[in-house]
Amino acid sequence: MRKLWIGIVILMLFNACKSNTKTALPILGYKTPVTKTVNGKTVTDTEYATIPPFKFVNQYADTITQKNLEGKIYVADFFFTTCPSICPVMHRNMLNVYKEFKDDDNFRIISHTIDPKYDTVPVLKRYADKLGISGNTWWLLHGEKGDTYKIGKSYLQSVSEKNPKGEYIHDGFFILIDKQKRIRGTYEGTDPAEVTKLIADIKTLKAEPDQIAAK
Amino acid sequence: MKIKVIGAIAILLIVIGASCQSDDQIEFKRYYSAGSLVYQQHCQNCHGDKGQGLSSLIPPLTDSTYLKNNKATLACFIKNGLKGKITVAGRSFDDQMQADDIAPLEIAKVLTYVANSFGNKMGTISLQQVQDDLKNCK
């Protein structure tokens, strides 16, 4: 009888040590405390940075604004079609994300070109065709340079003018945005292991209660 | 006695043969391993770690027939870039590859790497051969 009790205690200790499996992603970006009055009481809440409204044109010459992404989880990146360095490897990896979620209408990928002068809508369409993407899962977005650079900042990305060697400087990150337009993860787009993690994180994010609830 | 002499000569020939071959092999290995580093720095972003290319944008490096047919101009492709339509692995490509002005020895090494990776088997592409090929670039 005593042995049985010892056994039970040991079993309980083992169970106590089990770590909780991760079920939610962190929320990234700048936080601002907001003081509100709720039911006559003053409460301080944290407001997270969100992606501001925007207006761009995709490879089908359709206008795309924040409204087109309502109720959708999406991944954003910055590129240009003639990029000789990191873009091919980024989009080779992004194709894996595309293939995984291309049948999910509540998911999108948006790639902003940072070279709108060369990457006109027909050039973007041709690039999409050659990359082998179709439908509306993955949009290649064209817009004014200033607008693209500005929105880049809200994705915590650094994009800028050509350097003296004539090369564009841009980060190679993939940024995961939730249905509330908050940043939930950044991933090195040139690293296949990070992109595998992105795919896993998208699945985790989709299962979060406030993502399922959001329309 | 006679058999012993013949045997000894035979062994000697084998040893000589083996050592000559291993000299070539050492050179091949030197080119190949240095070439893999050049590949990582100059080629891999576009052509991929397995030479797989990227959809219809960037051709793969796995088409041994294409490499064999263009063996004498591969060095020029690297040095001067490549423009215009080409057919690789049964698919057509017409985007531009940038010129990359690296030293002829580096071209020889990276070509040896590519020509003996990704299912290709063309042996060493020597510095001498690259220098000769570069003279005939269009």
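The backbone N, Cα and C atoms fix where each Cβ goes, and this holds for glycine too.
If you look up TrEMBL, you'll see A:37-207 marked as domain 'Thioredoxin'. Looking just at the domain 'Thioredoxin' (A:37-207), the mean pLDDT is 91.
In this structure, A:His170 (Cu cation binding site) is part of a beta strand by DSSP. Of all Cβ atoms in the protein chains displayed, 24 besides its own lie within 10 Å of the Cβ of A:His170 (Cu cation binding site). Residues or ranges marked as Cu cation binding site in TrEMBL: A:Cys83, A:Cys87, A:His170.
If you look up TrEMBL, you'll see A:Cys83-A:Cys87 marked as disulfide bond. The number of other CB atoms found within 10 A of the CB of A:Cys83 (Cu cation binding site), across every protein chain shown, is 22.
DSSP assigns A:Cys87 (Cu cation binding site) to a helix in the three-state reduction.
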